[in-house]
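Asks: Would you mind keeping the following structure in view while I ask a few things?
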Amino acid sequence: MSPSFERIISLETRLMMEEKMSKGLKRMLLVLNCTMLGLGNVGGPLISRLYFLKGGKGVWISSCLETAGWPFMTLPLTISYLYRRRKDGPGTKVVFMKPPLFVASVVLGLLTGIDDFLYAYGVARLPISTSALIISTQLAFTAAFAFLLVKPKFTPFTINSIFLLTLGAVVLALHTSSDRPANESKLRYFMGFFMTLGASALYGFVLPAIELTYKKANQTVTYSLVMEMQMVMSFSATVFCCIGMIFHGDFKVINRIDSKEHLAIPREASEYELGQATYYVVLVLNAMLWQMFFMGAVGVIFSASSLLSGVIIAALLPVTESLAVLFYHEKFQVEKGVALVLSLWGSLNYLYGEFEENKKMEKQNQDLETEIN
């Protein structure tokens, strides 16, 4: 078979796949998921930190909240089903997921649950501006694992972007001790630092693993299927964290005054600095924002790639940094400023590289279509 004929077949296959979802719809989904990822990525850490700053103490409770918003997924899934039913009739499938994909989603969910705990522990011990900068190293981990698992095409712009974003986190790591909160011991502070770094590395693995799961699925991967997978992943992670809460004794605690058992959450709510009603609002916002983060992340992987998902997470770092300084009056040392500049520079590098790559791909597609005609 001649190379020219192989190229033609490759193009025809790609065009057939694109018929299932128009470019306009895929672009719209990408924008929607980038928006959800952005809101969750900025709002989630801030609300999680607010929980601890004003009297919350449950690391397992906080980690559970990161995926406890999975019931919210029933709404878009129901809308999707009703839309398909109106289009295809009563025989429309309610669930697309097959057993192998379900098992893979459960495993990914358990890994996400571990990641939730590592991240929640870090947020409890570190200023949010510091933990956010540590999380920016996730892009380097995502790129490394993506290279091993899904083999994306790395351009000079991509490599430069990863280098700059990672360098920014290294600059921060060299000057961490000056940022330690007054009420935290050195041991707990450094445990929080390394737990956050571990969370960054683990989620850097999970993102490409999700992309690999899409590629290896023996069925057509639609956006409805992506939502089903995310729901299973979030549910599995929540179950893992709930088991952690049980073993840690977070569901019931002994009151030292009356020596009786009390439910931990109502007790925390009654002692919360911002009031009982605000406590529950913080919990609900926590669950909603983190669910938006996770749904946005897997949606971006579906619409583009795991690497782009990692870049967006790193690129929004300056927003999280600025809001943490504004609302929580955190310190903003010179090294944080340097890390922010490197983060912005790296993000712009990646976006410019993607723009140039898309232009090149569109030209190649036009040339191949002309060759077919």
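Cβ from N, Cα, C; glycine included.
In case it helps, TrEMBL gives these features for our protein:
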TRANSMEM  28-47  transmembrane segment
TRANSMEM  59-83  transmembrane segment
TRANSMEM  95-114  transmembrane segment
TRANSMEM  126-150  transmembrane segment
TRANSMEM  157-177  transmembrane segment
TRANSMEM  189-210  transmembrane segment
TRANSMEM  231-249  transmembrane segment
TRANSMEM  277-300  transmembrane segment
TRANSMEM  307-328  transmembrane segment
TRANSMEM  334-353  transmembrane segment
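Describe the structural surroundings of these features, if you would.
Replies: Residues 45-46, 48-49, 119, 158, 161-162, 165-166, 168-169, 172-173, 176, 179, 181, 189, 192-193, 196-197, 199-201, 203-205, 207-209, 211-212, 215, 305-307, 309-311, 313-314, 317, 320-321, 324-325, 328, 330-332, 336, 339, 343, 346 of the same chain, all 6+ positions outside the transmembrane segment (126-150), place their C-beta atoms under 8 angstroms from a C-beta of that stretch.
Sequence-distant neighbours of the transmembrane segment (189-210) (same chain, 6+ residues past either end, Cβ-Cβ under 8 Å): 108, 111-112, 114-115, 118-119, 121-126, 130-131, 134-142, 144-146, 148-150, 173, 176-177, 180-181, 229, 297-298, 301, 306, 309-310.
Beyond its flanks by at least six residues, the transmembrane segment (231-249) meets 58, 60-61, 63-64, 66-70, 73-74, 77, 97, 102, 105-106, 108-110, 112-114, 116-117, 264, 291, 294, 298 of its own chain at Cβ-Cβ distances under 8 Å.
With a threshold of 8 Å between CB atoms, the same-chain residues lying at least 6 positions outside the transmembrane segment (277-300) that come near it are 29-30, 32-41, 43-44, 47-48, 50-51, 54, 56, 62, 65-70, 72-73, 112, 207, 210, 223, 226-227, 229-230, 233-234, 265, 268-269, 308-309, 312-313.
Long-range neighbours of the transmembrane segment (334-353) within the same chain, counting only residues 6 or more positions beyond its ends whose Cβ lies under 8 Å from a Cβ of the stretch, are 129, 133, 136, 139, 155-158, 160-165, 167-169, 171-172, 174-175, 311, 314-315, 317-318, 321.
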Asks: Assess whether the transmembrane segment (307-328) lies in contact with the transmembrane segment (59-83), where contact requires at least three Cβ pairs under 8 Å among residues 6 or more apart in sequence.
Replies: no
Asks: So if I exclude everything within five residues of the ends of the transmembrane segment (59-83), which remaining residues of that chain have a CB under 8 angstroms from its CBs? That is, six or more out.
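Replies: Distant Cβ neighbours of the transmembrane segment (59-83) are 44, 48, 51-52, 92, 94, 109, 112-113, 116-117, 119-121, 123-124, 223-224, 227-228, 230-231, 233-235, 237-238, 241-242, 244-245, 248, 250, 264-265, 268, 283, 286-288, 290-291, 294-295.
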